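Data block below; observations after.
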C-alpha cells in the first residue's frame, strides 16, 4: 500500500473517531448543562429559605447543611464533566494535528520526487540533444564509420536501383543544413567516412562511391586514395 492510499484510509478512520468523540462531547455538554441547571435551582431554593428567616435561627439546621453539601457535590461533578470535555477536545485536536503533519510530510516527499523526475528528464533530454548534435558533426577519423537511417527519397531511389549521384531530390532542403559527399548534398541514407584526416569532404553516400555495405578496415575516398597512391609511387 502506498503512502497516499494509507493516508486516505487513515482519513476515513479519523472521520469515524472524530464523529464518536464529538457525539460524546455533545452528551457531556447536555449532562453538564442539566447538572448546572439543577444546582442553580437548588441554590436559589436555599437562598429563598434563608430570606424567609431561617438564617436567624441560632439552632443549626441539619437539612440546610445537608442541602449545601449536596450542592457542593453537584458543583464538583460539573467540574469533572467540564474537565472530561476538555480532555476529549484535546484528543480530537491531537488526532487532526497528527494527520496534518503526515500530510505535510507526504507533500514534501511528493515535491522531492517531482523535482528529481524533472531533473532526470532534463538530463535525459540534454543527453539526447548532445547525441544528436554529436551525430551531425561527428568526424569519421581513426577508422570510425557512421551509418545514417535512409530518408524517404533515398529509400525510393534504392528500390528503383538509382544511386544518389544521378537521383534528383524533390524534397525541401534546409539551406542551413551542411552538405557532404562528391554530390554536394545533405546527409541521407547510409554514409561512410574517409579515414584521411585531411579529407576535405569527409563523409560520402554509399551509392556515390560504389559501396553497398560498410567497408572493413580503413577506407579512403577516391580523391584521397589517388593522392595516397601517387605518394607511394614517388
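For all residues, glycine too, the Cβ spot is worked out from N, Cα and C.
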Checklist outcome for this item: region 'Disordered' per Swiss-Prot, picked from 129-166, 167-204, is residues 129-166
Checklist outcome for this item: Grouping DSSP H, G, I as helix and E, B as strand, the residues of the zinc finger (178-227) number 9 helix, 10 strand, 31 coil
Next on the checklist: Using only C-alpha positions, which one of 183, 203, 208, 221 is spatially nearest residue 191 (site 'Histone H3K4me3 binding')? These are the recorded positions in the record.
Outcome noted: 203
Item to check | Most Cβ neighbours inside 10 Å, all chains, among the binding-site residues 181, 183, 199 | outcome: 181
